[in-house]
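Noted in TrEMBL for the protein shown:
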DOMAIN    554-736  domain 'Metallo-beta-lactamase'
TRANSMEM  20-43  transmembrane segment
TRANSMEM  50-72  transmembrane segment
TRANSMEM  227-248  transmembrane segment
TRANSMEM  260-279  transmembrane segment
TRANSMEM  285-303  transmembrane segment
TRANSMEM  315-348  transmembrane segment
TRANSMEM  368-393  transmembrane segment
TRANSMEM  405-424  transmembrane segment
TRANSMEM  462-480  transmembrane segment
TRANSMEM  518-538  transmembrane segment
Amino acid sequence: MERIAIACIVSCLAMMYLPFAWIFLTAFWGVFFTVASLLALCLIRKKNQWGGVIISIIFSCCWCLFLIQQLITQAQYVQTLPKKQRAQIMIEKVLHQRDYQTAIALLKFSDQDENYRFYLSWQTPQQLAAGQSWLGEVTLKPLASRANFGGFQRQKWLYANHIVGYAVVKNAVLVADHPDLRERLLRHNLDLWQQQPQSELFLALGFGDKRFLSQETLQLFQQTGTAHLIAISGLHIGLVMLLGVALARSVQYFLPAHRITPFLPLLFGGMCALLYSYLADFSIPTVRAIIALIFLLWLRFFRGYLNWWQCYVRCIAIFVLLDPLILLSDSFWLSALAVLCLLIWNHLFPLSVCSVRGKKLHQFGKITYYILALIHLQIGLFLLFTPITLFFFSGFNFFNLWINLWIVPIFSFVLIPLILFSILTFDYFHSWALCQFIAQQCVEGLKIFKTGWHPVSELENLWISFIFLGLCLLWGMFCIRYAKYQRTKTDEHHWLPTSTLFRLEVSALVERTDFQTILKIIGMILGIMLWQLGFYYYQQYRTLWTLEMLDVGQGMSILIRQNGKGVLYDTAASWRGGSMAELEIIPYLQRQGIELEAIIVSHDDNDHSGGAEILLRYFPNATLITSSEKTYAGKTPEPCYQGVQWRWRDLNWQVIAPYKVEKTAKNHQSCVMLINDGKYKVLLTGDLDKTAELQYLEHFPTIDILQVAHHGSRTSTSTTFLQKTAPKIALISAGIGNQWHFPHQDIISRLRQFQVDTLVTATVGQIRLRFTKQGNIEVETARTSLQPWFKQLL
């Protein structure tokens, strides 16, 4: 049965990562499924166990293919609809409701019977709530997102939530409001809590509603390694079940002995967990937890037995078959891998193999044993889950182990039960004030440890994970060698004296049949990491310097990097409450481990200068260079005007325009830079227009790489300019579906006329040009035809 479950998981995972072109190869899939079915029938007739495995593979592939095709077909159909539509809007879930409102909603168009799930940007003053039905005009946008190397894959998140498009609402009328019991309870508590401190935290813990959580609060929990506490998941559901079991067991003390049964507490605990899931609106993580809980209770009630691995694989297979798109969800992988780490740790290093002064730990009393068990689990998570945390969050907190040791028990056994008690009793016993006090103290305590957060680059991530897993492998190999050595001495039961106080029973570990198997798997992972490290250093060795045009939507930001240092040309846009620098540029610089030494702002338009303030706060030692007198973050800029030259690393920089510094630089006064490495020349033009191109025409040399001015607008990149510069590669920074329709088709045609290879961020995502020691230019893009279907533009 494990083979069938694993086959289902692997098959669905493989289908989720197919290239887009493979999804609709009807003839290929027809032949594949026919041949596989015939092979399965032959094996089944011969009573071969692999027949069932092949049948499960066929079923899983068909099911995944059907769901993917259905989702893509809906998304493609939405793109064919008129941009502005009259639609009925049914709110499913409110995602954010502070300075702006976003939600997931079902849209029904006047000429359609089918509902389509959209990501909604609500730009009206009315407050949204789940269960409402609105009628209004929506502006439809295609299902697409920015694509940068290693960045957040928004399209993947949208598909994982079965969303087929974006919609903007600026005018709507409420036509119906039918809240269910859970929504009415939420609104009642919202009225009571909204003006109270930490109210957003209580809504998240009590109802799984995170719409009011501020960016600062989310960042605090993420950077202290406690984000799992504010997302209702298996931890919370399991806790509530345990509390329900404990409550039912306490009631049984007052019953006659013949009426006491082990099933009643389990059933009551399951009902409590189900109630909590209902309060959390049966969110995807809570549904997963409930399914796993039902599966385990079913085993218990019918006296079935499965070991930890069999239970785990079957649960994952059930999740995947119920919704294969769950494999695109980061939260699913974080939950699944966290549980796997705990199971492996508890299986290979249980507390039963430890003793203190010759006594097993359970002999010191239940409370002591439970405290030691909590510490034991947190140590296991710290050792095994840290590499996973680094992969998903690109950073870790030095105090993570200590933080979780004190905050997890407080949240689990004090705060969450009190919040639920307050909700269910309508705060009749005034427990709300105590909740506020505890939550406030926890948040203040977390703020102390926030400074321990350390963002890591991809290279640091590899090295830290390699060292962690390497230590685990060395420890396992030592245990095996030590156990073999002791067997040659005597047949007695031996212990490894780690100190005079604490002892570890080695033979109990090594004799486990899967101990060496897991060590072999760790060894394979280490081999893959070693290959990645070797490839990284090989790329570093053969690369002289790199130019990267980041995908920052309708704006621009170009990074020139060499030997871990960088110069940034333009900083993309900003808006009230955020900037593209915070969303894309700074995370990318941190992932790559790059320190900015200079920031060049071509001109003062927001889509080029919006992120300068925040970037200068992150990199206060960076030199600011602009063609205007405007200051950013209080830093006086170095002037950018014609004739200025300098050498940075192995590159020569020359300013071609403007003639003089302006008070405020406009498009035609952009700081135009020529970069020369001795073989290749790169021209960065900002938003230079045709008039300015002609004005500085005599100063432009023949170049190899051109940053097309003004995002491909018709006001720039004249025929005369292209004749003079004769570029081989043109880079255009433009946002997907932007309102100006950049780059303009006239510019694309003109570049083709001059046989210029043109790359547009709206189409290919981030663009990376690698200048090698062999004298070549290697082009990489974040979006390619061979990547999984969920990364492609429709």
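Just so it is clear, glycine is given a Cβ too, placed from its N, Cα and C backbone atoms.
The stretches the transmembrane segment (368-393) and the transmembrane segment (227-248) are not in mutual contact, being linked by fewer than three Cβ pairs under 8 Å (pairs 6 or more apart in sequence). The stretch in closest packing with the transmembrane segment (285-303), judged by the count of Cβ pairs under 8 Å and taken from 50-72, 315-348, 405-424, 462-480, 518-538, is 315-348. Within the chain, the transmembrane segment (405-424) has long-range Cβ neighbours (under 8 A, six or more residues past its boundaries) at 185, 189, 202, 205-206, 226, 229, 235-236, 239-240, 243, 276, 279, 374-375, 378, 431-432, 434-435, 438-439, 442, 445-446. A contact between the transmembrane segment (315-348) and the transmembrane segment (227-248) is present, since 3 or more of their C-beta pairs, 6 or more residues apart, lie under 8 Å.
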